[in-house]
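Engineer: If you scroll down you'll find the structure; I have some questions about it.
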């Protein structure tokens, strides 16, 4: 519990809390300290920011408030008071009293009840009491003649504490004493045996707390509800809110506990980093000395300068890491203390007392968790030394030999990036790639170039150029394998390529209707898989997928079919007309069908009438074969008519046109039919 001690100290006196009260800002102060920070001003004037100069008046005033329910303790009264030097003082009749939180500096005016209007933090008192008992002096042996030593056992039957020598001499474990039970000695736990007493309402001392006012965030009794003060507020059972807030605090603690664990691991990493820097520094110095000795007199004059720079570099790194360790250790200690305090709070069985501070604790825990998120748990320096020595130059160049300030100042192209496979993923016909520079202390990088081939082992082409280290490429071919690579560049030039990663797109297409390109009369639902229309005229909607190679098959299920309309199904360019039947312009290829027959249509040309139509529950299939460059239609799993269109080239999108009498649902991810009529 040592790490929790700071949580148990009053911000005013710096000692453990005594009779703590809860301020409106959720911070705590001792009751006696609260009296010392009260500020008084005559009524009508702005209260000063510093405390009142005379202490005796408000101290006595607060004492008087304990004897009168009608007297606020800080309002009008006329008794004569005495200062510490015996001079009689008559305080002003009308006084304005306020108290300022020493932590957040938020001021609040005292009400008629004075300091008694602030709730007592019983949970904090109990935790402070347990903390003091845990630090109590150890139990001494009761049989030592002189200078009693710490007891090692206690006989449960004899109720006597023994040290080891006295136990062997006076209470051996043999004969009739062998049946006695010896226990480890523990300090007395005063007050722990007493049952938890019911807490009564501050305003109605005869009533126990039974409800919790969510609006006021305070426990209340039934009489508080009947009097109307909390009558219209959101009130919930005390036990339910107690369990709910305990659950919230526990969940918040889980999050900050994970961050504390990461911080501990980070501290281990930093300590290892110290050792690495020490070892690398020693190794670098030894190497440098050997090189300098080989260059005889000329290098001897430069050796001292070079060693000085190495030492400065090492000391700079060590100082940076030590400062980071100190900062992280302090933050971790604060977090650990808060966690232990919260765990002690959770152990309490006082619902009303818990709810008095639970909101503030939850906010603190969440804020602490956010701080760990914002804090980059990465070393600020690397263990390697960015210093190089070249012994090849001629002797006249030795006197000019010096370290480069850092690797960033050298005119070197960036190394090959490393593709992070754990962050790379494929979804449908889209690929997301992520990469990073491999060196710890990276060279300056101005940007990256991502390249993909054509999905058929063809030449590479640039798909992204920029500073980001993650990129998503859309519109790839389905059922294809792409090779991807990335390189970095800076002012010195272009670096090497990364290793090639192979990306495999989905075997079949999964897509929905596209609300962004649909006509405004189109109505989409079911996560953009079901479509109908508000108009009696035909309106067009496209799919989200675009095809330029491969074989693709999808279906549309007819959910509603009224008054024998003739919806059209097929493919289209992205810029096809959206306010007329599909196929009436030269950018769409479709089959329109009613309940008896169908026609193929492109550029308003109607061909190949076929008998057989659709009804509610029918399915219409579209087979787009861009290997053969053909489009074929199916009704209820059977090919309908001949091959509808041939010699299709370019990019095509699934398309439908319908009016308000029809509703269809898109079904994707289907395999190509094995046999076609």
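Backbone N, Cα and C define each Cβ position, glycine as well.
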Engineer: Which one of 203-259, 260-316, 317-373 shows up in TrEMBL as coiled coil?
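Structural biologist: In TrEMBL, the coiled coil feature sits at 260-316.
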Engineer: Please give the sequence-distant neighbours of the domain 'B box-type' (196-238): residues at least 6 beyond its ends with Cβ less than 8 Å from one of its Cβ atoms.
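Structural biologist: Residues 116, 119, 122, 349-353, 355-356, 359.
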Engineer: Could you put numbers on the helix, strand and coil content of the domain 'B box-type' (196-238), residue by residue per DSSP?
Structural biologist: 6 helix, 11 strand, 26 coil
Engineer: Just to confirm my parser: what is the rounded mean pLDDT across the domain 'COS' (346-404)?
Structural biologist: 75
